[in-house]
Amino acid sequence: MVLDSVARIVKVQLPAYLKQLPVPDSITGFARLTVSDWLRLLPFLGVLALLGYLAVRPFFPKKKQQKDSLINLKIQKENPKVVNEINIEDLCLTKAAYCRCWRSKTFPACDGSHNKHNELTGDNVGPLILKKKEV
């Protein structure tokens, strides 16, 4: 039953459809087609365009995929939210840099790991820098 339907489509209906298409004999003949002729050609041209795209798609360059979709890959993963609290009065340095990319080996302090992260992912993250006000 199903094969009979497929055979009928391939052997009878498809050839009849293709015979009725207003395909001109030359390239200049396309300019003489009417709007109704173009509308009858539209499904056929759409199928040809789809098949052409599917044929050449494997040769298109692949999109660059991000290597790291998660931000925090390893720091305090047992906690539902990582929070580091630092008292500003306790800063004995005049300047401190804190990590925002989660790649630092000295987290929460920044060790410059964001540079490699930015290079790999195209991101632009940098450290949080705290400075003491000069009086």
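Quick reminder: no glycine exception, Cβ is built from N, Cα and C everywhere.
Here the structure is a predicted model, which means the values were calculated and not measured.
Annotation comment: Swiss-Prot describes Cys99, Cys101, Cys110, His114 as [2Fe-2S] cluster binding site, evidence class similarity to another entry. When secondary structure is read from DSSP and collapsed to three states, Cys101 ([2Fe-2S] cluster binding site) falls in the coil class. Cys101 ([2Fe-2S] cluster binding site) counts 22 other C-beta atoms within 10 Å of its own C-beta, drawing on all protein chains shown.
Look at Swiss-Prot and you will find 1-37 tagged as topological domain 'Lumenal', backed by sequence analysis. Looking at the topological domain 'Lumenal' (1-37) alone, the prediction's average pLDDT is 90.
The annotation topological domain 'Cytoplasmic' is assigned in Swiss-Prot to 61-135 on the grounds of sequence analysis.
For 38-60, the entry in Swiss-Prot reads transmembrane segment. Residues of the same chain lying 6 or more positions beyond the ends of the transmembrane segment (38-60) and with a Cβ under 8 Å from any Cβ of it are 18, 20-23.
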Neighbours of Cys99, Cys101, Cys110, His114 excl. site residues, C-beta within 8 Å of centre, [2Fe-2S] cluster: Ala97, Tyr98, Arg100, Trp102, Arg103, Ser104, Asp111, Gly112, Ser113, His117, Val125, Gly126, Pro127
Same-chain residue ranges lying at least 6 outside the topological domain 'Lumenal' (1-37) that approach it to Cβ under 8 Å: 44
